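Undergrad: Take this structure, written in structure tokens, and hold onto it; I'll ask about it next.
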Amino acid sequence: MSGSRQLSASQSPRRAISRSPSRLSFQHSPSPLPASHEPFAAANDETPVQLDYKPQFTLRGHKKAVSDVKISPDGARIASCSADGTIKIWNAQTGQHEHTFEGHLAGVSVIAWSPDSRWIASGADDKVIRLWDVTMGKPHPYPFLGHSNYISSLAFSPKGNILASGSHDEAVFLWDVRAARRIRSLPAHSDPVGGVDFTHDGTLIVSCSSDGLIRIWDTSTGQCLRTIIHEDHAPVMSVKFSPNGKYVLAWTLDSSIRLWNYVEHPGRCVKTYQGHTNKKFGITGTFGTYSRYEAMYQTENDKYTEKPSALMVSGSEDGSLWIWDVGNKKILQTIENAHDGVVFAADAHHKARQVVSGGADGLVKVWKHNIQTADRRQVFPKDDLDDEHQARMQDPTDDGSRMELDDAVVVKREDLQ
């Protein structure tokens, strides 16, 4: 098998290639408020942009490496899967264990929540995809069969009626969830598929592979609309559409995470995030949000509260957890020694201000943002802000210091042709 994820199923399903990791040294570089803007409460205090996620829970129970973790869309539960062949469900607010699902005959590599937070899908080294009813604590009666190699990635469509799967057999399958039936096969790549995802409206699918390619597909026809490749041709191990559908975020085995504008032909890399170590294993992460200043700008008659900005969280092979500002690429927080060994997966839920991580140490860790020590509230007279800052508040753009992800756009097929 040609691929970049070769490891025994008894180890982490996030398979490795034979490369020795090398740590890149980057220092936290806080981004201050504009120097001319003195906070109302404390003069000459520049208020660095930084986050303060601290340990909330450590969830124990897996007997081998944790390969994936996901917070449910409603924020109520956390799901984790492991090389021990199990999927576990935890209460996100209390950390209490709720269910353990067993049925796979090998290590479980990937999980995905349905949009209604009722079902969890799991993919494993036994080449089988299974569905589990989390509310009832029961399995779906029919497994999803068809892949001829390890399952490496899963994603539900926004309506929850289609499940996309990627595999080491180099194909992407689309499944009718209710019937557990394959409805389309995409001959996607020439090496194992690392990741799949849907846009917010379900019309497009993105896939990636250790062949170095990122491909955009039309969900309804299966047509490949765009192929993206970086000049370094690094293996791509995971991909995720931005919530607004404008970009694709890609994790590559050169210790880089790249944000691509896939609409521009042939695809343009607009941001590159570095600092973590990723040269050997498939590592995943996600988007989230935070408030840059937790600030309120006001005049005598009106008030303006700054919208949340986009963040991105990722694991690292050196056991650390990394959080970047998506727009300006600054490191918002690095949690050293988050796990003993590789941090394979990280997920975030902006409403709960939680980040969850899973690692080679078999632990699931939940991190809670401590707003009291990080985002200090400041009040400014709006008239004291310079013209450039006021303009950014009124009309923020993607290539400024902030990148918003909540203004959804619809990318049509003709936009990619």
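A Cβ is built for glycine as well, from the same backbone N, Cα and C atoms used for every other residue.
As annotated by TrEMBL, region 'Disordered' applies to 1-41, 377-406. Under the heading compositional bias 'Low complexity', TrEMBL lists 8-25. The domain 'WDR5-like beta-propeller' annotation in TrEMBL covers 58-368. Positions annotated as repeat 'WD' by TrEMBL: 59-100, 101-134, 144-185, 186-227, 229-261, 311-334, 336-368. Residues annotated as compositional bias 'Basic and acidic residues' in TrEMBL: 377-392.
Distances, neighbours, how buried they are, the whole picture for these features please.
TA: For the repeat 'WD' (59-100), same-chain residues at least 6 beyond its ends with a Cβ under 8 Å from one of its own Cβ atoms are 9-14, 106-113, 115-117, 120, 122, 124, 132, 134, 137, 284, 341-342, 344-349, 351-352, 354, 356-366.
When pLDDT is averaged over the repeat 'WD' (101-134), the result is 98.
Through the fold, the repeat 'WD' (186-227) approaches residues 1-5, 17, 149-150, 152-159, 162, 164-174, 233-241, 243-245, 248, 250-251, 253, 260, 262, 265-267, 282, 284, 408, 410-413, 416-417 of its own chain, all at least 6 residues removed from its boundaries and within a Cβ separation under 8 Å.
According to DSSP, the secondary structure content of the repeat 'WD' (311-334) in residues is 0 helix, 14 strand, 10 coil.
DSSP places the residues of the repeat 'WD' (336-368) in helix, strand and coil in these numbers: 0 helix, 18 strand, 15 coil.
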Undergrad: Please list, for the repeat 'WD' (186-227), how many residues fall into helix, strand and coil according to DSSP.
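TA: Once the DSSP states are binned, the repeat 'WD' (186-227) shows 0 helix, 23 strand, 19 coil.
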Undergrad: Against which stretches of its own chain does the repeat 'WD' (101-134) lie, if we need a Cβ under 8 Å and a gap of at least six residues from its ends?
TA: 9-14, 64, 67-74, 76-77, 79-89, 140, 143-145, 147-156, 158-160, 163, 165, 167, 175, 177, 180
